[in-house]
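Presented below is the structure to which this report refers.
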Amino acid sequence: MVKRVAIVGAGVSGLASIKCCLEEGLEPTCFERSSDLGGLWRFTEHVEEGRASLYKSVVSNSSREMSCYPDFPFPEDYPNFVPNSLFLEYLKLYSTQFNLQRCIYFNTKVCSITKRPDFAVSGQWEVVTVTNGKQNSAIFDAVMVCTGFLTNPHLPLDSFPGILTFKGEYFHSRQYKHPDIFKDKRVLVVGMGNSGTDIAVEASHLAKKVFLSTTGGAWVISRVFDSGYPWDMIFMTRFQNMLRNLLPTPIVSWLISKKMNSWFNHVNYGVAPEDRTQLREPVLNDELPGRIITGKVFIKPSIKEVKENSVVFNNTPKEEPIDIIVFATGYTFAFPFLDESVVKVEDGQASLYKYIFPAHLPKPTLAVIGLIKPLGSMVPTGETQARWVVQVLKGATTLPPPSVMMEEVNERKKNKHSGFGLCYCKALQTDYITYIDDLLTSINAKPDLRAMLLTDPRLALSIFFGPCTPYHFRLTGPGKWEGARKAILTQWDRTVKVTKTRTIQESPSSFETLLKLFSFLALLIAVFLIFL
């Protein structure tokens, strides 16, 4: 029986894994190579080897209500989008609340994780670590790898002819910390993901000129969405997810395009995605269109050639003088402490069932947590993965035969990546909620909306039509949280409370009352059609 579990990494997913093990009676031991917990969210002035790095101004792209642990809401005085320093504070509050730090060995590097000679029977692993120069070895019944995928920068210099002749400065976005280096410089940022766009916008406040080069474009949305609410609380609902899955792709694409262009016309600003037939990960930035329209940021196509002090873009013969190039070209991932026979990474993909279990292992005692890029927050995603894994380790739920798991893995691999970043699976980008529900179903933790509609209709309607907040995931099943119902029904109150710092007297409107009545009737009709 699985008892002792090794956990690699004390970031968002590592902390969740420790807690999930503890609440099910397992004995977790977490190895963290740095001096403190927090992973990505712990800002340092210098880049640390083997640890994700962020810049000083990073703010969460998922809102507070959508990116908390399912049974541990953010403090109510936190802003709706959380700066990195407060996010780290939240993780420490989580660790303290559930007494997780007692399970963590800091300044400890995992050197190797290998199968024991009797692995086919025992499923055990030997974990070799180094702490302050001293090597240690221990045997564990299972391993949960929580190292993330933002530590190995992807810098494809051979894709940029002439880069080695460039006399200016160039570096990967992982190295970026502060915008001061751009003062009075001509800056080129390559790659229009979240980091690339953030850096270009920050640079535009100090630089002489800023170019943002993109190959495929992107949908750009603001954190502030309909009526001023957080974007994901409006966009990520079970009702909308159902529509996106049921409606024909051309209709979904048209609806998404119309919604994305309601802020600004992406074609007119030169940022529209080349492929608009699927919902790719949007770029979250509140300033970009304003910087473009005021001539502070110039959108450019891919690079044709780099010269000593300038760059030539495709389809634009003019040379643009450049002093600094920032490559926001994504990351690759690897597991240097694992043999390739355990987890093999090819073309930016690993053969992991549900992005978690190596499909070929005879014993499912090694799991990778957080190696996924859903269109939603990593915090509840990683926590749900960890919760599912612990149930598998306990034997409370079982995996399909290896052949079935490999079939799913191979089907996923057909989604080839483009651009410079990770291979983001189309299904998971579109169906974040579906992915979470799939894991919850296998541990009997998915909310039963049909039954709930009869016993608690207010909650059922809130779950179906309202934002898919993480509290849904701990409403039932093993490890359910008694505060989940209240958290769901009060989520909008908390969202408004933190912004409504000046009270304004609102006059009642009979029209609004009538509109609400008709809206309620429409909801009842929709529920009737969907559930009956």
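In case you wondered, yes, glycine gets a Cβ from its N, Cα and C as well.
As annotated by Swiss-Prot, FAD binding site applies to GLY9, ALA10, GLY11, VAL12, SER13, GLU32, LEU40, TRP41, ASN61, SER62, with the evidence given as similarity to another entry. In the three-state DSSP scheme, ASN61 (FAD binding site) falls into the coil class. For ASN61 (FAD binding site), the same-chain residues lying six or more positions away in sequence with a CB closer than 8 A to its CB are PHE81, ASN194, ARG223, LEU284.
Residues near THR197 (NADP(+) binding site) in space but far in sequence (CB under 8 A, at least 6 apart, same chain), listed by position: VAL189, LEU212, ALA218, VAL220, VAL283, ASN285, LEU288. Secondary structure from DSSP puts THR197 (NADP(+) binding site) in a helix. Residues or ranges marked as NADP(+) binding site by Swiss-Prot on the basis of similarity to another entry: SER60, ASN61, SER195, GLY196, THR197, ASP198.
What Swiss-Prot records for LYS208 is site 'Important for substrate binding'. For LYS208 (site 'Important for substrate binding'), the count of additional Cβ atoms within 10 Å of its Cβ stands at 13 [all protein chains shown].
Look at Swiss-Prot and you will find 1-510 tagged as topological domain 'Lumenal'.
Here Swiss-Prot flags 511-531 as transmembrane segment, drawing on sequence analysis.
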Mean per-residue pLDDT computed across the topological domain 'Lumenal' (1-510): 93
Pairwise Cα distance for SER13 (FAD binding site)/SER60 (NADP(+) binding site) [Å, integer]: 16
Spatially closest candidate among GLY11, LEU40, SER60, SER195, the listed binding-site residues, to LYS208 (site 'Important for substrate binding') (Cα to Cα): SER195
Same chain, 6+ residues apart, C-beta under 8 Å of the C-beta of LEU40 (FAD binding site), given in sequence order: GLY11, VAL12, ALA52, LEU54, GLY148, LEU150
